[in-house]
Structure formats: structure tokens, C-alpha cells
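To keep things clear, I will list the structure first and then write my remarks on it.
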Amino acid sequence: MSPVSHVAVLAFPFGTHAAPLLTLVNRLAASAPDIIFSFFSTSSSITTIFSPTNLISIGSNIKPYAVWDGSPEGFVFSGNPREPIEYFLNAAPDNFDKAMKKAVEDTGVNISCLLTDAFLWFAADFSEKIGVPWIPVWTAASCSLCLHVYTDEIRSRFAEFDIAEKAEKTIDFIPGLSAISFSDLPEELIMEDSQSIFALTLHNMGLKLHKATAVAVNSFEEIDPIITNHLRSTNQLNILNIGPLQTLSSSIPPEDNECLKWLQTQKESSVVYLSFGTVINPPPNEMAALASTLESRKIPFLWSLRDEARKHLPENFIDRTSTFGKIVSWAPQLHVLENPAIGVFVTHCGWNSTLESIFCRVPVIGRPFFGDQKVNARMVEDVWKIGVGVKGGVFTEDETTRVLELVLFSDKGKEMRQNVGRLKEKAKDAVKANGSSTRNFESLLAAFNKLDS
């Protein structure tokens with residue numbers, strides 16, 4: 001059958017944005033084999049997410065296209081995670097435009113829809129220019145999406161307060177967000193006069209979302225119903241919660257993974273799993289506090305830690321803890337979290353990690369760094385009650401001991417596990433045949449099937 005439609009998929013190639021977008025595209029492509037999906041991202045991103053270990057199979061109607069990452073010749077990464085993002089965003093509109101023209105030339109089929117990471121707000125202008133629908137995908141939680149929609153109002157309401165007063169205020173004027181304080185907000189949201197490309201990107205996104213045909217969200221209806229319904233009714237956004245996108249069914253279990261083998265030897269709910277994502281690790285003093293506490297208490301642990309970060313661990317720590325702990329440079333996180341030996345997940349509270357902890361019924365110790373992570377951590381502790389945050393946002397030996405004992409050994413920790421268990425069942429129900437996320441996916445698929453009809 002000749003393809004009748006051509007969807008341009010524009011990815012944001014940093015953090016864990018591109019992988020869930022590809023998961024969604026792969027599912028759409030399987031359900032709509034007569035649609036071409038041209039997937040645009042940077043070459044390094046494509047190499048990573050199109051690896052055969054990440055998905056069971058990639059649809060034959062999905063074709064990846066590499067776009068320039070925007071970094072100047074001879075660029076050397078300074079360590080600031082915002083730096084490569086801003087280079088990419090500066091060049092992104094022209095780069096994506098050129099790449100889409102190449103895809104049209106290759107396929108002989110004009111673009112009939114733009115499916116993009118929600119960060120790429122300029123896709124709204126592209127879609128208007130060529131007269132096709134724009135469907136942004138928000139890969140984080142509904143709570144953080146809502147905050148970006150209300151950026152101007154939040155800035156206006158807090159303008160009269162000084163810094164100390166702001167810190168005590170909550171976002172009680174937006175339904176479902178009364179637990180969020182000003183100090184939890186993403187830095188880019190509150191930087192009113194910032195000329196940061198990333199801050200401007202997020203602001204523009206919030207202003208452009210009303211132009212979307214639908215907004216697909218990597219979440220499920222039952223976790224934030226008040227927020228989702230508010231976005232639909234008050235902001236007139238066609239929110240389609242279609243998550244969790246990354247489930248065990250969408251990843252291949254490693255056949256011979258050393259950390260999974262090690263977990264099989266551990267007692268149920270006894271192991272601390274530590275991973276802070278792919279972008280940043282705690283500073284050296286916090287790494288030392290974590291390590292010292294784990295060693296002194298002899299708490300079994302599995303730590304996903306890149307080789308270059310191990311220099312911040314106490315000398316000979318790995319050797320001294322080898323009988324009850326394990327450090328690996330990479331871990332298959334979903335399969336680790338589903339193992340019954342895991343008792344708690346020490347995490348930065350990125351949304352993918354938070355969703356995975358819910359889907360695998362593991363309570364959380366949150367140490368957020370930037371972006372939506374502080375918002376997620378607040379929801380984890382005070383709204384969903386499935387974990388605890390680190391006081392002051394800093395691991396000390398005393399604080400590490402407190403949070404580990406709270407989650408692993410106290411009645412409060414048992415309540416957290418019960419709460420996350422209830423959320424897990426709701427997440428599982430959402431992706432069942434008649435679940436809310438499945439119905440929303442079918443609504444999204446129907447929008448694609450209407451293309452060129």
C-alpha cells in the first residue's frame with residue numbers, strides 16, 4: 001500500500017525526552033502502517049534511541065533523520081547542562097525546516113502533521129505555515145505542564161513579594177497545585193527578565209499550546225485528575241494522557257546483566273537503588289555522605305554511577321562494600337525496579353524515573369536538581385505520599401540515615417509502599433484494553449487516521 005500521510009516527528013534530544021517520544025511513534029506506526037513517520041533528532045540521540053536494545057522492533061514506516069546539534073566547531077562541553085541545549089535550540093528551527101524538506105524529497109509525500117516534543121514551540125508556526133495539525137507531546141507530568149501554561153500569571157502574582165516572602169507562598173490559585181511552593185518552581189519559569197534561550201523556549205511553549213490539535217502527555221488520568229480536568233475545561237486544551245509510555249512491555253530484558261543476577265541473591269525490599277539520571281550527579285560532599293552512610297549501616301545497595309563520577313567516592317569504598325553493595329556504570333532501570341529486592345529508589349525525580357518507580361511499586365527518596373524535578377519531588381512527598389524528599393535538598397550523613405530509615409524500616413515507609421502500590425494498579429489499569437490511557441491513545445490515533453481523508 002502506498003503511504004497516504006507523512007508525519008514529521010521533531011524530538012528534543014536531551015535527557016529522557018526522545019526515548020518516550022519514539023516509543024509513542026513506534027506504537028502509532030504499528031497501528032497506522034500506511035503513514036510514514038520521519039523522526040528528526042541529533043545523530044547522537046538517534047544512535048542511542050534507535051539501538052536494538054531499546055525497543056523490541058522499529059516499524060518499517062519509521063525513518064530517522066539526523067539534524068545538526070547546533071554546537072560550534074571545536075566545541076568543548078564545559079559541564080553546564082544548559083549549554084548544549086541552548087546551542088541546539090538556537091539552531092533548531094532552521095535545522096528542522098531543512099531536514100523536513102529533505103524527508104519530503106526522499107518520500108515524495110508532503111508533511112501532513114507535526115508530532116513534536118512540546119518544548120519545540122516553533123512547530124506551531126511551522127504547522128500554521130503549511131496548514132497541517134500540530135500535536136505536541138509533553139514527556140513530563142501534568143502538574144509541571146500546568147505551571148508553564150500559567151507562567152505569566154505566576155510571575156504577576158509573585159511580583160510584589162521579596163525573595164523571602166516568595167519562598168513561603170504556594171501556588172494555591174491553580175487547582176491541584178496548592179502543595180507546590182514558589183521555591184519548587186523551575187528556575188526558567190520564575191526568571192521573568194531572563195534572555196536564556198531555554199527559559200524563553202518554555203515560556204513560548206506555554207503561550208503556543210492553545211494552537212495544538214491535541215497535547216499528548218506521558219502520564220495517566222488517575223494520578224492528577226484535578227489538574228488535567230482544569231487544563232481541559234479552563235484552558236481549552238485537548239489533553240490526552242497516554243502513559244506510562246515506558247513500560248516493561250516496551251523494553252527487552254537483558255539476557256546476561258550482572259546487576260539483575262546480583263539482585264536475585266538479595267532479600268525482598270532490602271536494596272537501595274541509587275540513580276540520578278544521565279545529566280548530573282550530586283556534588284562530591286553529597287556523594288561521600290551517601291557512600292559513608294551506606295557503608296556504616298551496611299545497607300545493601302545498587303548504584304548506577306558513571307565511571308568518571310566514582311572518583312568522588314571515599315577511597316576503597318567499592319572494595320570495602322563489595323559483600324553487600326554493587327556499583328555499575330549503567331543499569332536497566334525498569335527491570336531493576338521491578339525486582340522484588342528493591343526497597344527504595346534514590347533519585348533526582350525526573351518524570352521518567354518517577355513514573356517507573358510508580359509502575360514498579362517502589363517508594364522514592366527524592367533529591368531534585370533542576371527543571372521539573374523539584375515539582376515532581378513535592379508531589380511525590382506531599383500529594384501522592386509515595387516517598388520523601390531530602391531536607392534542604394542536600395545529602396548529609398544524618399539526613400541520609402533519616403530518609404533511609406524512614407522508607408526502609410518505619411511504618412511511614414510501609415504506608416508509602418502501600419500508596420505507591422495503589423498508584424501502580426491505577427497505572428496498570430490505565431494501559432489495559434479499556435483503560436483511560438488506551439482510550440486516549442485511540443483518540444490520538446483517530447486524529448492521525450483522519451489525515452488526508
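Quick reminder: no glycine exception, Cβ is built from N, Cα and C everywhere.
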Swiss-Prot records Ala331, Gln333, His348, Trp351, Asn352, Ser353, Glu356, Asp372, Gln373 as UDP-alpha-D-glucose-binding residues. Which of Thr107, Thr116, Thr139 is assigned to the same site?
Thr139
Where Asp372 (UDP-alpha-D-glucose binding site) and His17 (anthocyanidin binding site) are concerned, what is their Cα separation in Å, rounded?
13
Quick check: with His17, His148, Gly371 left out, which same-chain residues have Cβ atoms within 8 Å of the centroid of the anthocyanidin site Cβ atoms?
Ala118, Phe119, Thr139, Ala140, Ser144, Pro186, Leu202, Asp372
Counting every protein chain present, what is the number of Cβ atoms, excluding its own, within 10 Å of the Cβ of Asp372 (UDP-alpha-D-glucose binding site)?
24
What residues, ordered by sequence, lie under 8 A Cβ-to-Cβ from Gly371 (anthocyanidin binding site) and sit at least six positions away in the same chain?
Pro186, Glu188
